[in-house]
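Taken from Swiss-Prot as is:
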type     : residues : note
TRANSMEM : 5-25     : transmembrane segment
TRANSMEM : 41-61    : transmembrane segment
TRANSMEM : 72-92    : transmembrane segment
TRANSMEM : 107-127  : transmembrane segment
TRANSMEM : 135-155  : transmembrane segment
TRANSMEM : 166-186  : transmembrane segment
Amino acid sequence: MNVDVLIGEILTLSMMAFALGMDAFSVGLGMGMAKLKRNQVFQIGVIIGLFHVIMPLGGMIAGQFLSGALGALAGYIGGALLLVLGIQMIVASFNKSGEQIISPHGFGLFVFAVGVSLDSFSVGLSLGLYGTKPILTIFLFGLFSMVLTWAGLLLGKKVQTWLGAYSEALGGAILLSFGLKLLLPI
């Protein structure tokens with residue numbers, strides 16, 4: 001293979017990975033306002049990165065067998081999950097007991113990770129049809145998503161210290177609006 005072609009493919013996949021990672025950054029920004037500890041930030045970033053490896057790989061495999069209709073469905077499912085997470089965070093911000101219905105650990109982290117990585121499944125579907133290099137693709141998708149999730153979570157954590165009690169409601173509003181963006185053709 002020509003070195004120029006390989007560099008071009010790496011740059012193209014890196015741009016895609018960055019675009020998909022920006023979803024995770026935006027959602028991480030909202031989730032970071034939920035008073036997370038550093039080990040939670042690390043864990044969330046790793047889990048999001050892993051899901052951005054698993055989902056496009058699954059998409060690439062499925063892309064060989066399925067039509068493009070599933071791509072649109074994945075976006076709607078991801079939007080609905082983010083909508084639910086956003087509403088939960090807004091409700092929890094007004095809940096005086098401090099309990100969260102969906103929290104960023106355990107099953108809540110799983111729901112969060114699936115929500116932000118469903119779009120990478122759709123991209124994987126498309127890339128599976130074009131025959132891109134799976135190892136390079138999933139490595140870049142996972143790396144970019146993990147790093148951008150950490151950046152979003154840490155920035156959200158800083159904003160949380162500035163906004164105090166209102167930060168979780170703001171974080172929920174960010175997730176809610178991002179979910180609506182995925183659900184509605186705006």
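Note: Cβ is positioned from N, Cα and C throughout, glycine not excepted.
Remote same-chain partners of the transmembrane segment (166-186), defined as residues 6 or more beyond its termini with a Cβ less than 8 Å from a stretch Cβ, comprise 23, 26-27, 29-35, 75-76, 78-94, 115, 119, 156, 159-160. The stretch in 41-61, 72-92, 107-127, 135-155 that contributes the largest number of Cβ pairs under 8 Å to the transmembrane segment (5-25) is 135-155. Looking at which of 72-92, 107-127, 135-155 has the most CB pairs under 8 Å to the transmembrane segment (41-61), the answer is the stretch 107-127.
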